[in-house]
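Below you'll find the structure, written out as structure tokens, and then a few comments.
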Amino acid sequence: MQQTAALPKRLSCDRCYAQKLRCPRPSTNDDASCIRCLRQKVQCVYSTALPKGRPRAAVRACAAGAGATAGAPPITTTTTTAAPSSSDTAPPIFSTEDLASLTGLSTSGWLPDPTWEDSFCFLSSQVVPQPPPLDTTPPPRSLSASGLDNPENCVGRLSDLATRLHAVYQTTRALSDHPLITNAAFEAVTTLFNAPLSPPSAATTAATTNLRETFTSSRHLLETISHLLWATPNNNPSTAPAAAADETVIYHFTIACYSLLLLIYATLLTALHRDALTHTQPSLSTTTTTTGPDNNTSTWCSAPSLVELRLVLLFHMITYFLDRLQQMIRMYTAEFEKQASNSTTGRRPPTSGRWSEEVEEMMVVEEPWEREQHIPPPPPPTSSLGSISELETQARAALMQLRMSLVATRGGLVDN
């Protein structure tokens, strides 16, 4: 003990030395405890100073930091000198237990190397994952509005659309021979949503390609009719006869595309109804776990199969397309007949592309779950839509059959 007392003591106590803080002592008190230890009411311990001839702790930390960073001594120097100045005015942030543990570490002679912070600086830019950059490329548009302003381009687009739909319609008879058309239709929907503009791969079947063309053509026809409804009519008297002829051709091409889509959807819905009857009926070997026949818990609570889930998705998607197509065709027909009556009576057509109040009333279409039947009332005899009302009835009847089969299945996949 006498040899240890003879050695010089460190100017700072162990607590202040471990925290790299100043160690102020009261000048009026004979006690050797520093102000910080007195404030925390802990024992103030002064350890033995380092052997003579070695640099002080601050100088040794600067030299070690300069050797570790190899070329960045200003950063290390700034870090070691700025920390004490900012901590002098800050209140103590360590509890009594933390300070006691730090005191024990300082007494044992183990201190953290101040160069560790500089050695692990590379982790901030290499280990922490950064979010990927945002893709600012706008999504491609399937139809160009500027191209549809020209009647010749619009006729060309509708003619190509009718040609593709006619080719698809010729192959729809094979849908009745397909073993499971639900999977092919769902694959067509998946490829349509993933890459709308990419060509089909070699692995896709002919049925998947044709069904994808059906869904794509439905969307293109909706976009074309929407543009035709909002297009400003031609008010030039000199070009009015030619414009009326172009509008007549465009209208008949639109009705032809709509008729082909109705035929294709009617055949597709019939094939889906066959799949629903084959793959969604509950098994006859299912046992009844309750007393009543209406409370077959094992059948009602069983998980739906993948085919059943795909049928529900296809049912709602086809319902949406049929509702939107019928709604847009009704509005476009009303606007076309209004323009035709104005041209025959000599009245000036409206100067804006907005449709009349009668057409706006047609926009209020009830959802499939809000109406009792899916088959709408037939159009009036004077309307030019009388020729396609039978096709709409066939498509709606096939949709109703598929809906009833999904309602009757286990769990009631579609609300009644």
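Glycine is no exception: its Cβ is also placed from the backbone N, Cα and C atoms.
Here the DNA-binding region (13-44) has a mean pLDDT of 83 out of 100. Residues or ranges marked as DNA-binding region in Swiss-Prot: 13-44.
Positions annotated as compositional bias 'Pro residues' by Swiss-Prot: 130-141.
The region 'Disordered' feature in Swiss-Prot is assigned to 68-90 (among others).
Among the features that Swiss-Prot reports, region 'Disordered' is placed at 130-150 (among others).
Counting residues 6+ beyond its ends, the transmembrane segment (249-269) has Cβ neighbours under 8 Å at 151, 154-155, 158-159, 161-162, 165-166, 168-169, 172-173, 175-176, 181, 185, 211, 214, 217-218, 221, 224-225, 228, 318, 321-322, 325, 329, 332-333, 336, 384, 388, 391-392, 394-395, 398-399, 401-402 in the same chain. What Swiss-Prot lists as transmembrane segment is 249-269 (among others), and the listing cites sequence analysis.
Summarising the annotation, Swiss-Prot assigns transmembrane segment to 302-322 (among others) and lists sequence analysis as the type of evidence.
Break the DNA-binding region (13-44) down by DSSP state and the numbers are 12 helix, 0 strand, 20 coil.
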